[in-house]
Amino acid sequence: MDSHTDDDSMRVGEVEPMPGYTGLLTRASTVMLSALRDCSACGLELSKRTLLDNAYITWTEIGLFFMCAVMWTQIRRGLTECLFKPFAQRCCLQPKDTAKMPESAWKLVFYTMSWSYSTYLLFFTNYTFFHDPPSAFYDWKSGMTVPTDIAIAYLIQGSFYGHSIYATVYMDDWRKDSTVMVVHHVVTLALITFSYAFRFHNIGLLVLFLHDINDIQLEFTKLNVYFKTRGGDYYLIHDILSNMGSVSFSITWFWFRLYWFPLKVLYATCVSSLQSVPNIPFYFFFNSLLLTLLCMNIYWFLFIVAFVAKVLTGQMKDVKDLREYEGEEGAQRAAALLAAQQRLQSEDAGHLNNSAEGTVTQQTSRLCKGHLSKESDGVLHQMTWPSQSLDLNPIEMVWD
């Protein structure tokens, strides 16, 4: 008892230095194996008792989660139809980029907002979790009150990932890693829900901060890729910004997700948590979710390495999405697009179904200097640029 008190007094005002990879592997494996040997009563019954005794979440909080998830979906649809799509059309983006631009614009808006709020909490308040991750578990108590500012961050992020599971399946373009993306969203949502219910919200806030910054850089870079060729013209500034974004994204992905995340978060959850709370609930489950998240970060990092290797070896001269489907399926999609284009060109391009909408459409057509056709609802459907051939390779970022 005296030694435990001495440890508590020593930790006050002291910051434990961040370990290296070797220190993490050595300490974490030793502590986890020791905890596994000591857990003689581990099993389904203990898990049930631990869940009932330590999980705290109310029906009101669950209701707010679903309400906000639906709200994000409706906000995205509203912004897409009223702002993002019209803006893409007015800027005369290529058809494939016009379809993809709203997704990136929406994610850029959200992640900028959420990461800015997490940054504020970690660096402009009294929370010390970034500089001293083990402090996330100091004074932990089952059912402790979650500070309102952190609870708001959890509601925003949790409901967004609930929306993102739906959006990935039904709203976003399907890519090679979309299945992994759905798993990522499910794991992230489980981490958010689990850490909130068991009052691991302090370390959860650090996890969110370390991951959101890459999404900002990714969507910023993708948008500049879409905007560098529009209306048949090339814009150097967007090409420069997209290249700068690619470099910045690659560096921060490694630094935040593969350096700080394991050495700050995983060390705190695997080692420091048991030092502060010897009987911390769901120790193995919580850490298994975090390790799964780390494995997915490594998986996506392989796309980054492949991208850099292709650029350095001259196999790729443009920023393209290695996750897009190619080969037979890509050829089928390209053939269908070309056939549709030929059918459209055979029709009367000047025919408009609605005179009011036709005025706006003609203005857009003059701005873009291209051929225009529209569906019955007045949505821009196809644009063909006279100054360039049909490009079947999607120009987009390589990662997500």
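Here, residue 1 is simply the first one shown, and the rest follow in order.
Every residue, even glycine, has its Cβ placed from backbone N, Cα and C.
Record features (TrEMBL):
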type	residues	note
DOMAIN	99-313	domain 'TLC'
TRANSMEM	56-75	transmembrane segment
TRANSMEM	108-130	transmembrane segment
TRANSMEM	150-169	transmembrane segment
TRANSMEM	181-198	transmembrane segment
TRANSMEM	235-256	transmembrane segment
TRANSMEM	265-284	transmembrane segment
TRANSMEM	290-313	transmembrane segment
With Cβ distances under 8 Å as the criterion, find the stretch in 108-130, 150-169, 181-198, 265-284, 290-313 that has the most pairs with the transmembrane segment (56-75).
-> 150-169
Look at every Cβ pair spanning the transmembrane segment (290-313) and the transmembrane segment (108-130), keep those 6 or more apart in sequence, and say whether at least 3 of them are under 8 Å.
-> no
Go through the chain and flag residues at least 6 beyond the ends of the transmembrane segment (181-198) whose CB is under 8 A from any CB in it; none is fine as an answer.
-> 54-57, 142, 146, 151, 154, 157-158, 161-162, 164-165, 168-169, 175, 204, 207-208, 281-282, 285-286, 289-290, 292-293, 296, 400
What else in the chain is close to the transmembrane segment (235-256), if you only count residues 6 or more beyond its ends and a Cβ gap under 8 Å?
-> 210-211, 213-214, 217-218, 220-221, 224-225, 227-229, 297, 300-301, 304, 307-308, 319, 397, 399
